[in-house]
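Read the structure below first, then the notes.
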């Protein structure tokens, strides 16, 4: 392979590395715990956040249909921007020239950008991964192009988000075989290239991403390799791609147990409210997903009981708000009957349900944080599960995960 | 509902008048006219949510046009009534709704289908025949502040016979609506039609004026009539309507058309200008304080488009970090740049339209306010000439330079 360093960093060598990478642009302070779950204060350059938290995805520099003041109103702390999309339009140079993405969007709170790799692999034809980087066909003129770890970091430096993600070799969890091992080791090699390329460590926090598929041995090697680099934070990647829930939670549990206590842990691509509650119980802090806004555009609202399909004919005469317990602008002013008329038909329908769904996710984040701080986390989890599963038919994977998390949900389960 | 003329121009100002429309209770401030009716889709603006609507200048932005045809299929009249009507259903308790079936966008009079039983409209739910009784039932559940009767609006090119029929039907349906109205016409606007025939216009206006309605909705314009013929047709109507009742109109959208309408004595305008601008990615920039500084020095600047509006899709705005209009107090100009909106348009994000609709509404309301000031100051004719000339000179220069 021609590399002078071994793929797995030796402990003594690791220490030499870690001295030079103590620069961080965040402070992570745990305020409360229940077993593995923790509530924390995450101070970033642009905003002081409370975890656990959910990050809405603002792919192209906007959350679909909401204005900045509305996002602040509902309690949004960090927004995720997609590097691939932004580098295409309006372009990293332009964003840099205009003072960074915060200034461009006029978003005063925190931003996180992903590396661009995942989008490329999932969106583009003929995308391929080599040791150099991700090769792909430019969607603009079909020229062959290459995204290297160095370039991903360079672009993210220009965009200027509070948290930036290392370029990783991400493989779907549904794939088996030696490709997963190759991807894991490559991810660790690439992190060093990302670190070397990162020009703004005192303003932007580089998170490493743990890969390794569903193989505990590979995951463990990856965790140790990343932890040796003493990064400001860590993400658990490669999940939420169609794997079964039982495998999903076990990987999360393993990684959160192995990752350092004093650094934030971000599970990428999660997700459904139930998944967020389980992962938080297992010790994760940060989440992102397009789900709440995407499902809103199809007329589906998130409620404590689960999902409310507003297009359903039964909604046509339902005079209740989406969620009687929700205090958001939409639930205080509109009925299911009215929303039934506008969803999927008028832009306003999309806006209103997106607003509610994101409010729901912000409320969930806040409830997770507050209940842990107040020492009421088990009660919160029990309450959450009881409302979602009134018949007590809690899925087995949730029961297993809660057992590992040390949370007694026997009162919520059917006998 | 009460309307009072506060200043009539007379002389050079023609029939233009400033007025006050008292719609709310006795304690609410009146809506000053000439005024704009903000377009809605199912009662809400197309893109501007309630919080941003509330941030627009008041009381100007409290007047909303609503089409009962948007609610033909859902919710049911019963559900709307249970909820409490438009104000309750939309959470807009402070706003005033003026209901008329035609929205000049998607609910369009379809005169071929209209017959003795009802008026035909093309709607997003297909072609529908609206009978007066069904219409009044919908109105009763919606409870708008004001509502226009159902009418037979015909395009300018129909035969004289068809035109006469449209007047007969319109008057008959007006009487039916009045008879079915529990309020006895107190919140009703009688519709005046008559096509492109001056005599018929006069005749219809005289007839409608005898009915016990609270105001008038002038229909049939913006349906293919000759723009030069319009003033005479409008005057034929307004000259035969009582001074002290408000006159509403749809189909006059552009600033020049509004000025034309104001000059003929129209008070309130249902306009689709903002919607079309917004969808097209245009932002209004024309200065409307044109009487404050006599800016007759019309140089060609290098903005793409005319001095009325800018096309924010154009690449010259990619790096333009100025607001759409300097010193504009709208949310969009206070928070975002031309560059950002340019980007949003290029990536087809809804936020572009939200921001544009906010700004364009704010700006067009400012135009109406400037018009009112001009009328009150006795300078409406000068205002109108200056505005129209400024656009003509620019276009002339553009032609000469090319």
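Backbone N, Cα and C define each Cβ position, glycine as well.
Of all ranges given (A:293-297, A:298-302, A:303-307, A:308-312), TrEMBL attaches the label region 'RNA binding' to A:293-297. What TrEMBL records for the substrate site is A:114, A:115, A:116, A:117, A:118, A:211, A:238, and among A:162, A:168, A:285 the residue it adds there is A:168.
Range with TrEMBL annotation region 'RNA binding', chosen from A:269-275, A:276-282, A:318-324, A:325-331, is A:269-275. Across the region 'RNA binding' (A:293-297), the DSSP tally of helix, strand and coil residues reads 5 helix, 0 strand, 0 coil. A strand conformation is recorded for residue A:288 (active site, nucleophile) in the three-state DSSP classification. Neighbour list (residue A:118 (substrate binding site), Cβ cut-off 8 Å, at least 6 residues apart, same chain): A:170. The shortest Cα-Cα distance from residue A:168 (substrate binding site) to any of the recorded positions (A:114, A:326, A:328, A:331, A:356) is found for A:114.
Secondary structure at residue A:328 (Zn(2+) binding site), as computed by DSSP, is coil. Note on proximity: of the recorded positions A:288, A:331, A:356, the one nearest residue A:114 (active site, proton acceptor) is A:288, by Cα distance. Note on the region 'RNA binding' (A:269-275): DSSP counts are 3 helix, 0 strand, 4 coil.
Taking Cβ-Cβ distances under 8 Å and a sequence gap of 6 or more within the same chain, the neighbours of residue A:211 (substrate binding site) are A:168, A:169, A:170, A:171, A:180, A:183, A:184, A:187, A:218, A:219, A:222, A:237, A:238. In this view, residue A:116 (substrate binding site) is surrounded by 23 other Cβ atoms within 10 Å of its Cβ, with every protein chain counted.
The Zn(2+) site is set by A:326, A:328, A:331, A:356; from the centre of their CB atoms, other residues of the chain with a CB within 8 Å are A:321, A:322, A:323, A:327, A:329, A:330, A:332, A:355, A:359, A:360.
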